[in-house]
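Student: From TrEMBL, for reference:
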- Cys82-Cys99: disulfide bond (DISULFID)
- 17-134: domain 'CUB' (DOMAIN)
- 1-18: signal peptide (SIGNAL)
Amino acid sequence: MHVWYLLVILSSLGCIYGQEVYYKALLPGIPYEDIKSPKYPIDELPHDTSIQWNLVVRADSTIRVLCDDIRMTQNEPWTDDCTHVYLSFDEGNGETKICGDKKGGYQYRSTGPNLFVRLVSKDGSGFVKCTAYNTKELFELPVVLRPGADPLVIEAPPKVPLPIRDWTWTLTSTPGSRISFHCTLALSGPVNGQCYRELLTIDDGERKNEYCKTEKLVVYSSKNLAKIRVQLNENNPGSVRCLVQDYTKF
């Protein structure tokens, strides 16, 4: 615990062999928006640039990076090894490189609590803008569902405005029952085949499914415990409305 709080305090800039290195401990609910090319969006990434961001979260969490803008240029044809200019992600077991002229909407989801993000330009250039998130829930609201009771209404954003865009409910129904979800979604949809900035997640400990389209859906948990999480865009958010109740018929 002491190491974690020390990292939070020492989120800072260093320099190793001419490379800029940023150290950042990510907190739940607080996006880190400084993974970007210098002077973005005014000037392009200069040649001979090397920047690294060392990101860390608690051991029970992971990191998600969303890159809204990746536009790179180079004189040579693009190749898979991304020799001249690239953005990379490294968890210590191999580096994933991204390069190209139009790669906006790319996302990387770590499998552990540490992630190195590198932006390197040898003789290429371009613009890069990414945001990193700690995937840990900001808070959890526990709810006990009773058989025969009126459905619980889960609505986001709530009618009373709140300065957050991330809500989680932990649900419990009677032993031997399941939980039903009847939801109406108006979300921005997937980007490059994956849910991006707006999503509904339903997790019952055995299955964890994400939804991010504009649609109506009906979902049943596999047991009497489930977690529902809604994450919305900070600007011009969509909406989610679910009716949730104890369901005893198998």
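Cβ atoms are placed via backbone N, Cα and C, with glycine included.
Note that TrEMBL annotation is computational and uncurated.
A description of the local structural setting of each listed feature is requested, covering burial, neighbours and distances.
Tutor: Cβ neighbours within 10 Å of Cys82 (disulfide bond), excluding its own Cβ and spanning all shown chains: 20. Secondary structure at Cys82 (disulfide bond), as computed by DSSP, is coil.
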Student: What is the Cβ neighbour count of Cys99 (disulfide bond) at a 10 Å cut-off, with all protein chains included?
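Tutor: A 10 Å sphere around the Cβ of Cys99 (disulfide bond) contains 22 other Cβ atoms.
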Student: Provide the three-state secondary structure of Cys99 (disulfide bond) computed with DSSP.
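Tutor: Assignment for Cys99 (disulfide bond) reads coil.
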